[in-house]
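Here is what TrEMBL says about this protein:
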REGION    1-288  region 'Disordered'
COMPBIAS  7-21  compositional bias 'Low complexity'
COMPBIAS  119-131  compositional bias 'Acidic residues'
COMPBIAS  147-157  compositional bias 'Basic and acidic residues'
COMPBIAS  158-181  compositional bias 'Acidic residues'
COMPBIAS  190-200  compositional bias 'Acidic residues'
COMPBIAS  207-220  compositional bias 'Polar residues'
DOMAIN    343-389  domain 'F-box'
REPEAT    462-487  repeat 'WD'
REPEAT    488-527  repeat 'WD'
REPEAT    528-567  repeat 'WD'
REPEAT    568-607  repeat 'WD'
REPEAT    608-647  repeat 'WD'
REPEAT    648-687  repeat 'WD'
REPEAT    691-730  repeat 'WD'
Amino acid sequence: MNQDLLSGGSSSRRSRAPGGPAVRGNASSTARAPQQAADEGDEDEHMNRVVEEEEQLQQRPEASQVESQGEAPWAESGRGGDEGEGEEEGPQNEVNGCEKGARWMWGTGQRRLRGQSLAEEEEEEEEEGEENNNSSSHQEDDETEERTEGGDERGREDEGEGEEEEEGDDDEEEMDQDSDEFEHSAESGREEEDEEGEGEEGLRSPSLRNNVSTPNNNLDSSSTHQSSSNKKMKRKLDHGPEVRSFPSGKKPCKGPEYSSPTGIVPCPATPTTFGHIRTANGQGQQRRRITSIQPPTGLQEWLRTFQSWTGPEKLLALDELIDSCEPTQVKHMMQVIEPQFQRDFISLLPKELALYVLSFLEPKDLLQAAQTCRYWRILAEDNLLWREKCREEGEPQLSATDADKEKRHGKLSNPGFTHSPWKCAYIRQHRIDTNWRRGDLKSPKVLKGHDDHVITCLQFCGNRIVSGSDDNTLKVWSAITGKCLRTLVGHTGGVWSSQMRDNIIISGSTDRTLKVWNAETGECIHTLYGHTSTVRCMHLHEKRVVSGSRDATLRVWDIETGQCLHVLMGHVAAVRCVQYDGRRVVSGAYDFMVKVWDPETETCLHTLQGHTNRVYSLQFDGIHVVSGSLDTSIRVWDVETGNCIHTLTGHQSLTSGMELKDNILVSGNADSTVKIWDIKTGQCLQTLQGPHKHQSAVTCLQFNKNFVITSSDDGTVKLWDLKTGEFIRNLVTLESGGSGGVVWRIRASNTKLVCAVGSRNGTEETKLLVLDFDVDMK
């Protein structure tokens, strides 16, 4: 048998019947539609749509209440399948003008198996013979049995929604030819209970054949004859939207029991035949029947013979039957059988295991899964699950205050449903990232100060901005209002370096001193004397700050007491850059050297030699030292051994600024390019250039897990994609750019960007620009 043909047929079936039983499984049609859109469009656009749908669900509490009424993940697609089949087939219980309700011999055989008397069987056979003689067709072999097990319950819902009958009612089922409705008898309920004990052999009973459908009614004569013996037609019933069903073994969202498709009579807890399984799944009335031919002679005798065999004999007979079938017929069997083995395994698992499985999904897939059904939504709101997702995605950590705020927001948007604060934080962060990429650029806040002087250093923490200038002052600004809160006056020379943590500001000046300020009051707490030349660089770690000076020394200070704790001497030229992690001090100088110090013993552990010109920039992560020089190269060193691991070449001029995070280095150069490196391998991952590249020297840069932000002497601030290196857009474009306007410094937080701009020729006023990319989560 051609296996490729079989597999191809199975896949084509799934593609051709998106609303039918074949596509039922772990997700509803509502969860598949966004995925199809993702395949066709941009992934970011797809994620935006998923987030919008999620927010709409949170804003509609009534949607969750409707879902809670027993919805199953496949109920939506199942109803879609009903409608589609009904349109294609039309009336399914009228064949060649035959009377509706023709009854066949399967019911008689089943009752014989249940121990009915021979007299009753013969009497019923005579009655059925009379009915069959008066009928012009013999197309419906097993309609009564299936309707008794599943369809009768739905027919009764059409008549009266919950009408019950006494156990003493007649054994016969009557079908009204005019109204096309069924009445359920007590006999059918007893038969369903009896069928629970039929065991494993029952799974291979003739109902396996009586419940198969066909995808093609135009087979050749031989294949049609073989397949038609396995098929019965079934009338299409139209059920209301309240009809929901669970597959066998499905654990409903509320309670361990589930109702029959109509909710009147419970389905057998343990279905014994394939037909019972289909009825329990609510598929008994959804099958397509062959209506173009009559049942072959001897069909019922053949089915009774099969039923009389033992389990192993039935298996052997099925093997032989399959071998004698053509591929199209085997494909037909697959179409009927495969959907029954699709299970909502998530709802069947214990909650802990279900959450473990969901932990392997991407956040956007979790958002889609939450739209499947109420039980999945409850699982997909697990707070620990979303906290882990935020950690994996590198999202900002959620403080206790933020968590309470998100929790209150969730309760207000959808009372009675517990929303995950971490999930809300993830959605908010996604919207913020979208604002950075393509949100409308609102008019920035303009913070004017320092007259026409140069802004030499810039700090941004929380909602506080601190700018230092060569006008001898520092200014403290509010990032919210844009107002200048206070001006820090005290230095007698230009301010060229600064650091900030919480309410403490440290500044270094050409007056050879450092000053410690209280940002709230503007008070100068300490003035640190000791350097004999300009304090050109500094790095703050906890309660200590290390300063580097043009006097070629470094000093370690206690900012609480104002005392100089250590002096590090060894450079022979001005110290231009310094890094401190609390354990080691690393410094770069104009003597082409990089030195590693132990500040406690004031000893130089390593002198890193290799650069052939001045060292202007440093990065240090506790393991690697990265140095940028005027010799155009960047070197990566091992801090413990002092060995040079990699020499990164590619820039053409001075590397003026660098930033290092998680072994990813971004370097900005005076050659107007920006490069992204992997310091583990020494490989250049991306070069940010092309038609939108900067037209002059890169002055400053900053990056996070998604973006790189760069500023330049050309008067622009550009946004790039970190992973692809693609240009996204200009965030700032000065009108004076290219004619003197310069962006000197930039600092960015998660939601804001601060730019220090001005000019050297008076074409651009000195000021700070504050751009806000935050979102309103009301």
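The chain as shown is numbered from 1 upward.
In case you wondered, yes, glycine gets a Cβ from its N, Cα and C as well.
Because TrEMBL annotations are produced automatically, they should be read as predictions rather than curated entries.
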Contact set, same chain, for the repeat 'WD' (462-487): CB under 8 Å, 6 or more residues outside the stretch: 445-447, 449-451, 453-456, 493-498, 500, 505, 507, 509, 517, 519, 521-522, 747, 752, 754, 756, 766, 768, 770
Outside the repeat 'WD' (691-730), six or more residues from its ends: residues with CB under 8 Å to it: 393-394, 433, 436-438, 653, 656-659, 661, 664, 666, 668-674, 676, 685, 736-738, 741-748, 753, 755, 757, 764
Hey, which bits of the same chain come close to the repeat 'WD' (608-647), Cβ under 8 Å, at least six residues off its ends? 573, 576-579, 581, 583-584, 586-590, 592-596, 653-660, 663, 665, 667, 669, 677, 679, 681-682
Could you count the residues of the domain 'F-box' (343-389) that DSSP puts in helix, in strand and in coil? 32 helix, 0 strand, 15 coil
Looking only at the repeat 'WD' (488-527), how are its residues distributed among DSSP helix, strand and coil? 0 helix, 23 strand, 17 coil
